[in-house]
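Enquirer: Next up is a structure, given as structure tokens.
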Amino acid sequence: MTGAALVSGLDYAAVAVFALTGALAASRSQLDIVGFIFVASLTAVGGGTLRDIILDRVPLWVSDPVMLLVAAVAAVLVFLTAHLLESRYRALEWLDAAALAIAVPAGVGVALSEGMGWPVVLVMGMVTGCMGGLMRDVVCNEVPMVLKQGELYVTCAFAGALVAVALGAVGVAGWAALTACAAVVFVLRAGSLALGWRLPVYRSRPPRAPKR
Amino acid sequence: MTGAALVSGLDYAAVAVFALTGALAASRSQLDIVGFIFVASLTAVGGGTLRDIILDRVPLWVSDPVMLLVAAVAAVLVFLTAHLLESRYRALEWLDAAALAIAVPAGVGVALSEGMGWPVVLVMGMVTGCMGGLMRDVVCNEVPMVLKQGELYVTCAFAGALVAVALGAVGVAGWAALTACAAVVFVLRAGSLALGWRLPVYRSRPPRAPKR
Amino acid sequence: MTGAALVSGLDYAAVAVFALTGALAASRSQLDIVGFIFVASLTAVGGGTLRDIILDRVPLWVSDPVMLLVAAVAAVLVFLTAHLLESRYRALEWLDAAALAIAVPAGVGVALSEGMGWPVVLVMGMVTGCMGGLMRDVVCNEVPMVLKQGELYVTCAFAGALVAVALGAVGVAGWAALTACAAVVFVLRAGSLALGWRLPVYRSRPPRAPKR
């Protein structure tokens, strides 16, 4: 498989899984079917579109509109089946973990293919992985997962992207590096969700001045 | 009227009417006059700017700064007159409906003029129509209209854009298709506001895990 | 100092000071160290990135990734020392005032160097100054400073950018104009924070329809 095909495949998979998470968030907001498709699409292509705009590429779904169909189908699926889930929020968390583990290497791969230096590669992995979910959570008024206290999230994206960059520096690139990146992201995020892995949080004092 | 002039005229009208809605949201947040102008401008050009960035065009107000003046004048008007309205929120909803009905064909027209395929045309109609209002509502901490439970909103934008695409497919384009698009958007949205038209929402269960 | 070096120096300074404010917001949300770096970086480069995307430039931190290091170092500093502050929110407000006073001339300088007309120069000063902080506040669920009732904020950015444009019109440009711009922004914002300077706000009526 060529690098371009690999990265494009990752983009498709990330779109599909992020769309499922967006549709689950829509079900928690009790939207109608078009609202499901809207939030699913925003979540699915949000991170990749931001990545492509920053790198001055044509956004993924403009060059390949089938991605929009993928997101819409995922939204319809969730609209029809979400009541079968015992806990939609739990499903949302685990699907989001899978999507993160796919989208971070997608971002890393695109940034490498554009010849970016390693700091930009790191950030692009994090942007592609985290920003779609952040848009979903801000729009649906959920607590942004990316900022949830006492969980690893951005850290997983950062560690995965770092592994890909480090492997690249020692000559391991292509699908091996991107697979390692995905594995690191998913294992860290799963450890945080299932086992409570975390970094020490800033605890000195809660805020006194009011937040909204 | 040429296609370019028509689309440019739609952009102007959408800017003016969306600016009114932004200023009304600012009055609900009790901002000062510069805050009115800021929210009005963000709402007015937000959707069109996103459309232009995605399509790699110069954003509308960069190539034509008079649009900023239009938004500022609309904000000042509302600052001086909003106390005359019986219900600012009702006015906001109806002006937003009008702005949506103007901005969707504006987005469709630009995407067609850039030679995009129909899925991208659909999305551009929805982005141009919905995103300025979404930015307004997130920034002012209003319930996003685009996601209000039990109302048609994205659906109106989607249906209008679909009509324009379908008319284009059977050879009806230009102002006839864009007028039909605007009419469909406004009628659906008005029906939702005045008569309670809606699609079935996802009702199986309200969320249990807390939202913020 | 050449114009380009001056503007680049302003960008660096704005990144550093905005990153401090982002990290303080992260401490109020009790995030971990990677969360600090994430919010600090978003705040630090958010406004400048938006400016660069709108003007179709390579975003500042893509062309110069050292900026990301600056933001990360600032975040770590705050993580280690924020408990020494008597009031983090007060520190956040004053650092944000300083960052605003640096970022507005940075935006004005870039827009001038791209040959933009004065309305776009004004808006670019405001976008570069205000948008990073707005992203920080929306993501961390703080009351957006930019919209805080009864304070000058956007007004300071607007006045500063206007001074730079006016000085340019009478032949004073370069560092003199940008320094005057920064001084106007900071004095107005400091006057608002310390002495309660304000414009009359829209007070006719508080909103009746619910906000979220």
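Along the chain as shown, the residues are counted starting at 1.
Glycine too: its Cβ is placed from the backbone N, Cα and C atoms.
TrEMBL lists these features:
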DOMAIN    C:10-82  domain 'Glycine transporter'
DOMAIN    C:94-167  domain 'Glycine transporter'
TRANSMEM  C:6-26  transmembrane segment
TRANSMEM  C:33-54  transmembrane segment
TRANSMEM  C:66-85  transmembrane segment
TRANSMEM  C:92-112  transmembrane segment
TRANSMEM  C:118-139  transmembrane segment
TRANSMEM  C:151-169  transmembrane segment
TRANSMEM  C:175-197  transmembrane segment
Enquirer: Could you give me three numbers for the domain 'Glycine transporter' (C:10-82), the DSSP helix, strand and coil residue counts?
Expert: 62 helix, 1 strand, 10 coil
Enquirer: Cβ under 8 Å, sequence separation of at least 6 from the ends of the transmembrane segment (C:6-26): give me the contacting residues as numbers and ranges.
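Expert: 35-36, 38-45, 47-48, 60-61, 64, 67, 70-72, 74-75, 77-79, 82, 88-89, 91-92, 95-96, 98-99, 102-103, 105-106, 109-110, 113, 128, 132-133, 136-137, 140, 142, 174-175, 178.
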Enquirer: Please identify the stretch among C:92-112, C:118-139, C:151-169 with the greatest number of Cβ pairs below 8 Å relative to the transmembrane segment (C:33-54).
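Expert: If we count Cβ pairs closer than 8 Å to the transmembrane segment (C:33-54), C:118-139 scores highest.
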Enquirer: Between the transmembrane segment (C:175-197) and the stretches C:66-85, C:92-112, C:118-139, C:151-169, work out which stretch tops the count of Cβ pairs under 8 Å.
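Expert: Per the Cβ under 8 Å count, C:151-169.
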Enquirer: Need one number: mean pLDDT over the domain 'Glycine transporter' (C:10-82).
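Expert: 94, rounded to a whole number.
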Enquirer: By DSSP assignment, list the helix, strand and coil residue numbers for the domain 'Glycine transporter' (C:94-167), in that order.
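Expert: Split by secondary structure, the domain 'Glycine transporter' (C:94-167) comes out as 59 helix, 0 strand, 15 coil.
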